[in-house]
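Remarks on the structure that follows.
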Amino acid sequence: MYTKIFRAVIIGAPGSGKGTISERIVKTFGFLHISSGDILRQNIINNTDLGRKAQDFINSGQLVPDEIVTKTMLARITEVGNKSYILDGFPRNSAQADILSAREQIDAVINLNIPHDVIISRVKNRWIHAPSGRVYNIGFDDPKVPGKDDVTGERLTQREDDKPEVVAKRLQLYDELMSPVLAWYAERGLVSSFKGRETKEIWPRVERFLKDKVQG
């Protein structure tokens, strides 16, 4: 439908609905969704060396170190080639943003601004299909069959890092690390923020924004 090559970054705290919004962008615009979290979780499931290292950090509520994330994401971007994509979970600091900008032209940064109290409440009801990374939120984005993935019918699980105390620590880390990234992109006039409490109120605005950008 859209032939213009467009590359965006989506930014939002853990549990802000980035996965759901990204999935709708993929369906509507045909972008590729390149998620550092999904790539790392797939490595954890496959018990790779990278996966084992990442698991230790994630279980303790820490972010996976820069060098691991940067190497992994740049390799995936190279594989993608000349296609539209949305980056999720990268860059997460200004040094990574510098490295990315030397390689790629980013056309827009979508910032999801969700209150932290909403996120902490939301993740208690979050279930995932681990092999694919599909996310469901009980009460506003339910699976068609309770406890089952819509596509495969396989059992849904909850992530260890969705525990409230771990989430609170991750949100604090997020604020400390991502404020400079948003400032870096804001200086270049690339940030558009979408504030709200639910995905269904934010998505129509994101959709309109991207339609204007892609068709412009």
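Including glycine, each Cβ sits where the backbone N, Cα and C put it.
Whatever TrEMBL says is automated annotation, not expert-curated.
Since this is a predicted model, take the numbers as computed values, not measurements.
What TrEMBL records for this protein:
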BINDING   G15, S16, G17, K18, G19, T20, R126, V135, Y136, T199  GTP binding site
BINDING   S36, R41, Q62, L63, V64, G89, F90, P91, R92, Q96, R159, R170  AMP binding site
DOMAIN    126-161  domain 'Adenylate kinase active site lid'
REGION    35-64  region 'NMPbind'
REGION    125-162  region 'LID'
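Panel annotation: around the domain 'Adenylate kinase active site lid' (126-161), residues 14-15, 17, 19-20, 23, 35, 37-38, 41-42, 45, 58-59, 61, 167, 170, 198-200 of the same chain, lying at least six beyond its termini, place a Cβ under 8 Å from a Cβ of the stretch. Listed in sequence order, V64, V69, T72, M73, D88, G89, F90, R92 are the same-chain residues at least 6 apart in sequence whose CB falls under 8 Å from the CB of S36 (AMP binding site). G17 (GTP binding site) sits 15 Å from R159 (AMP binding site), counting Cα to Cα. For R126 (GTP binding site), the same-chain residues that are 6 or more apart in sequence and have a Cβ closer than 8 Å to its Cβ are G15, V135, Y136, N137, I138, Q158, R159, D162. When pLDDT values are averaged over the region 'LID' (125-162), the model yields 89. Across the annotated binding residues for AMP (S36, R41, Q62, L63, V64, G89, F90, P91, R92, Q96, R159, R170), the two most widely spaced Cα atoms sit 27 Å apart. The GTP site, placed at the center of the C-beta atoms of G15, S16, G17, K18, G19, T20, R126, V135, Y136, T199, has further neighbours from the same chain whose C-beta lies within 8 angstroms: I21, R122, N137, D141. The binding-site residues examined here are R92, R159; by Cβ neighbour count within 10 Å, the least packed of them is R159. For Q62 (AMP binding site) paired with G19 (GTP binding site), the C-alpha to C-alpha distance reads 20 Å. Neighbour list (G19 (GTP binding site), Cβ cut-off 8 Å, at least 6 residues apart, same chain): S35, D88, G133, R134, V135.
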